[in-house]
Amino acid sequence: MLHALGHHSLGLLSHYQKCRNHKLFSAVKIAIDAGYRHIDGAFVYFNEHEVGQAIREKIAEGKIKREDIFYCGKLWNTCHPPELVRPTLEKTLKILQLDYVDLYIIELPMAFKPGDALYPKDENGKFIYHETDLCATWEALEACKDAGLAKSIGVSNFNRRQLEMIMNKPGLKYKPVSNQVECHPYFTQPKLLEFCRQHDIVIVGYSPLGTSRDESWVNVSSPPLLKDPVLNAIGKKYNKTAAQIALRFNVQRGVVVIPKSFNPQRIRENFQIFDFSLTEQEMKEIEALNKNVRYVELLMWRDHPEYPFNDEY
Ligand code: A2P
């Protein structure tokens, strides 16, 4: 339940990134001590080295065993061609210094031109996309599972059509176990959640607290989630914060949450959601907050043929 680092950065590690990664190293250890076992990572977060180191340190201390941890890794857009999938996962495992990931997911359904640049652009500053064949990429993920490099495989930011494309693939060996998408009281995903329930696909909700509101990638025209009066009023009743109510809401409707925090107090706070439950009426009140507006729209890639957010769900 720990979102290891929320967003993308480019190029070589800056001094800022190094400090950030040190903070992350200690945040992962604090989270494990607080009881977190699910760690949501990605190559493209540039911190898998520190995450792996923190996990291994906790194992060496005897606090946890490897099998207690659930690490999710992600295949980046520039690595979709099937022949790149296994080497990419092997690179992640080498950085983590782990033998397997618990879950490996296709981070986004949009392929970019393979190569060293993670965000390839032409001389006019336009993103260079790549032919996307999600079924072929999926088959390469299936092979990673068969090789024992990933215990389970799934997807992220897939819409219904893209999920169906995988599930209807001739010769499908494993269906996606999960789809990681934005999900919180202002974007409750009722239709996708129902569809995924029917097909036994777990929804993992990212930005469950409404993001950091970093204007470089967040649609800040949608109001701040944690200031919501209903969440705060319900929180008062249980002596909980709006953040804890937002997390409890998702957990109680079967959505996995991956709140991101680097702050020790908030890391612990976000775990204290298992000692109370919301009434049916409160669940309904929170569901009614849905605005159907995303914080994470990824509009810079809206002209990609597989941009997932044009469909209703
Ligand atoms: P910080 O790391 O300083 O705690 P999301 O998980 O929706 O992406 O939200 C992450 C943002 O919410 C981060 O800016 C994080 O900041 C902040 N945050 C995390 N936990 C809490 C909390 N319990 N109360 C308020 N803000 C929080």
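First residue shown is number 1, and so on along the chain.
Just so it is clear, glycine is given a Cβ too, placed from its N, Cα and C backbone atoms.
Given the structure is predicted, the values throughout are model-derived calculations rather than measurements.
The annotation domain 'NADP-dependent oxidoreductase' is assigned in TrEMBL to 17-290.
Annotated active site, proton donor per TrEMBL: Y45, in sequence order.
In three-state terms derived from DSSP, K74 (site 'Lowers pKa of active site Tyr') belongs to an extended strand segment. Of all the Cβ atoms in the protein chains shown, 26 others lie within 10 Å of the Cβ of K74 (site 'Lowers pKa of active site Tyr'). Summarising the annotation, TrEMBL assigns site 'Lowers pKa of active site Tyr' to K74.
What TrEMBL lists as substrate binding site is H130. Look at H130 (substrate binding site): DSSP puts it in coil.
Mapped onto three states, the DSSP output places Y45 (active site, proton donor) in helix.
Taking the recorded positions Y45, H130 in turn and counting surrounding C-beta atoms within 10 angstroms, the largest count is reached at Y45. Y45 (active site, proton donor) sits 10 Å from K74 (site 'Lowers pKa of active site Tyr'), taking the CA atoms of both as reference points.
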